[in-house]
Amino acid sequence: MASQEQLSAIKRAKVLMVGAGGIGCELLKTLALSGFQDIHIIDMDTIEVSNLNRQFLFRQSHVGQSKAKVARDAVLRFRPNISITPYHANVKESRFNVDFFKEFDVVLNGLDNLDARRHVNRLCLVADIPLVESGTTGFLGQVTVHLKGKTECYECQPKPAPKTYPVCTITSTPSKFVHCIVWAKDLLFAKLFGDKNQENDLNVRSSDTANSSEHSEDVFECRKDEDIERYGRRIYDHVFGHNIEVALSNEETWKNRNKPRPIYSKDVLPEKQTKENGNKEKGCAADDVSAMVSLSLKNPQDIWNLVENSRVFLEALRLFFLKREKDIGNLTFDKDDQLAVEFVTAAANIRASSFGIPLHSLFEAKGIAGNIVHAVATTNAIIAGLIVIEAIKVLQKDNNNYRMTYCLEHPSRKLLLMPVEPYEPNRSCYVCSETPVSLEVNTQRSKLRDFVEKIIKAKLGMNFPLIMQGASILYEVGEDLEEDMVAIYAANLEKALSELPSPVTSGSVLTVEDLQQEFSCSINIKHREEFDEEKEPDGMLLSGWVEAPVDKDNNKPIGNDESTSNALPSGETLEGEKDDEIQETSEVVEAFTGKKRKLSEVSEVTAPDPSGPSSINQNKPKKLDIDDEADELIISDDWESLTKKKKL
């Protein structure tokens with residue numbers, strides 16, 4: 001039962017919700033039932049069929065409509081006397097500026113991407129408005145509280161970058177199933193059904209000039225009078241047979257690796273077997289074609305053998321050309337496109353078979369290809385309740401009782417919810433502590449455009465940057481710019497840093513501002529001649545944004561005040577678990593025990609990094625930044641370890 005003081009704080013509050021998806025629906029319902037009277041919601045998305053199994057404010061009839069508006073209407077049916085204002089818009093629009101944020105008492109995030117979260121974090125800092133962050137991934141979840149000057153901001157701890165793979169690994173030496181998925185999705189699917197003029201390494205030319213003319217032309221072009229069956233087999237033989245043989249000709253590559261096996265369609269599927277393909281098309285509407293339906297494959301969790309994968313590959317390709325020919329040339333992979341998922345799954349499995357990599361089901365392949373960890377409605381409900389609890393504390397200014405709470409998949413010390421005290425601000429944070437960062441870059445080769453796209457926007461999360469060196473403006477974005485200035489800045493983008501009107505060289509200090517976010521950052525430039533193309537594909541290295549140093553003697557962050565929290569008993573250790581996965585989970589939880597977390601330890605729910613043994617042996621597991629359940633999460637290699645059932 002809420003106290004009179006709590007009820008008074010709730011009724012007076014003006015709350016901004018950002019996101020009306022899985023967490024957002026549960027959060028709006030919980031806010032309304034808790035007595036909040038004035039709620040504003042921002043969400044740019046519309047309702048999709050795939051949302052309906054967990055976003056319970058929506059129904060089939062709402063598909064295609066605004067999430068924010070439909071959520072409002074649904075809640076007003078059982079709480080008609082409260083005020084809910086929906087905005088079907090992007091939170092990064094200019095109207096949602098600092099002055100807009102200052103209108104609210106607290107901001108509650110249920111977003112599904114890092115870029116928008118950074119944006120909201122910076123606006124809350126400037127407006128000095130408390131922010132309650134949240135996210136879920138399957139059975140895992142988190143709620144964190146951020147108050148300017150009192151706790152860390154959302155960006156105080158570096159977030160993991162999306163996983164990337166060297167091109168040579170994807171095209172020549174895959175060793176994991178995710179490598180095969182990336183190859184099938186980003187190279188083969190794109191080459192066959194996207195822009196055929198794009199350059200990639202699939203159309204390998206034989207080094208043997210005496211080879212048949214078949215490999216001296218573009219094999220991805222369907223020849224005149226060539227039927228789809230023959231075309232599909234030719235593509236199959238080229239990418240799974242000929243290309244593998246060409247790769248094997250480089251003996252140096254395979255000295256310390258297992259050699260792949262070329263696979264040709266005639267060895268897997270005799271001609272008469274593929275004649276059966278397509279004879280079972282009943283139930284396949286033009287807008288809902290499926291190779292699985294055509295071939296009577298019913299269970300997406302079955303792992304197809306090589307013959308079944310080959311049949312799906314050829315049938316999916318056939319259906320694309322017969323049923324969706326008008327789309328070919330403009331298609332991009334979509335995890336909600338059943339035929340695309342079938343094609344990519346089959347292609348990845350055939351390639352995996354060639355390289356001796358274990359095969360996966362369509363269900364698993366879809367998860368990897370779409371970066372999906374499937375959502376759990378119960379987790380969303382739990383997290384929504386925790387958000388409201390923390391929001392009430394914020395409104396009451398109950399500073400001593402704020403908690404960052406982590407929802408675990410398996411109990412630890414009989415706890416599924418693990419509360420910990422928030423960090424104080426990280427004095428190394430370039431966002432809330434305005435600490436300069438450093439950039440190593442080849443100033444003679446790298447263009448200003450590279451700097452803007454790869455560093456300013458991708459790494460620092462700025463949307464409308466203004467770049468200055470001293471009093472000289474090198475680049476600016478804005479609708480009120482004069483045409484001649486727009487032309488000058490556009491020309492600057494194509495110049496090397498050292499060739500700009502105010503040359504950027506080693507030792508230069510650039511000031512970068514985002515006027516919309518009212519955020520500024522200083523960047524110290526250091527010239528570096530060479531970069532490792534595989535490890536540093538951007539040709540630039542940003543540093544200086546690090547976790548706060550730890551005083552080893554006192555076991556606490558240097559410069560941060562001592563915590564007096566006794567929410568969790570200190571000095572306790574967890575019992576060892578025999579099962580590896582449970583043991584890895586327990587290591588995560590150990591990082592949460594004690595009165596004060598160290599900044600050198602993980603601050604969010606984590607997943608093990610299978611790339612090396614150190615991820616298990618060291619007590620610093622790889623950090624996983626959990627997003628809202630919108631089924632979008634960069635997880636790559638860790639997908640299997642997150643989704644595999646654990647032994648109890």
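Cβ coordinates come from backbone N, Cα and C, glycine included.
Automated prediction, rather than curation, is the source of TrEMBL annotations.
The model shown is predicted, which means the values in this text are computed figures rather than measured ones.
As written in TrEMBL, here are the features:
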type	residues	note
DOMAIN	4-412	domain 'THIF-type NAD/FAD binding fold'
BINDING	19-24, D43, 51-54, K67, 112-117	ATP binding site
BINDING	C153, C156, C429, C432	Zn(2+) binding site
ACT_SITE	C168	active site, glycyl thioester intermediate
DOMAIN	321-366	domain 'Ubiquitin-activating enzyme SCCH'
DOMAIN	439-531	domain 'Ubiquitin/SUMO-activating enzyme ubiquitin-like'
REGION	551-627	region 'Disordered'
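Locations of recorded TrEMBL features on the structure.
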{"residue": "G19", "record": "ATP binding site", "CB count, 10 Å": "30"}
{"residue": "D43", "record": "ATP binding site", "CB count, 10 Å": "25"}
{"residue": "N53", "record": "ATP binding site", "CB count, 10 Å": "11"}
{"residue": "D112", "record": "ATP binding site", "CB count, 10 Å": "20"}
{"residue": "D115", "record": "ATP binding site", "CB count, 10 Å": "12"}
{"residue": "C153", "record": "Zn(2+) binding site", "CB count, 10 Å": "24"}
{"residue": "C156", "record": "Zn(2+) binding site", "CB count, 10 Å": "25"}
{"residue": "C168", "record": "active site, glycyl thioester intermediate", "CB count, 10 Å": "12"}
{"residue": "C429", "record": "Zn(2+) binding site", "CB count, 10 Å": "21"}
{"residue": "C432", "record": "Zn(2+) binding site", "CB count, 10 Å": "21"}
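G19 (ATP binding site) and C153 (Zn(2+) binding site) have their C-alpha atoms 19 Å apart, to the nearest angstrom. Residue counts for the domain 'Ubiquitin-activating enzyme SCCH' (321-366) under DSSP, split into helix (H, G, I), strand (E, B) and coil, are 28 helix, 0 strand, 18 coil.
Neighbours of G22 (ATP binding site), defined as other CB atoms within 10 A of its CB across all chains, total 28. Residues in the domain 'Ubiquitin/SUMO-activating enzyme ubiquitin-like' (439-531) partition by DSSP class (helix H, G, I; strand E, B; coil) as 24 helix, 30 strand, 39 coil.
The Cβ centroid of C153, C156, C429, C432 marks the Zn(2+) site; residues of that chain outside this set whose Cβ lies within 8 Å of it are L125, E152, Y154, E155, P425, N426, V431, S433, given in sequence order.
Taking the C-alpha positions, the distance from C153 (Zn(2+) binding site) to D115 (ATP binding site) comes to 15 Å.
For C432 (Zn(2+) binding site), the nearest neighbour among the recorded positions G22, D115, C168, judged by Cα separation, is D115. The separation of C429 (Zn(2+) binding site) from G22 (ATP binding site), Cα to Cα, is 30 Å. The shortest Cα-Cα distance from D43 (ATP binding site) to any of the recorded positions (C156, C168, C429) is found for C156.
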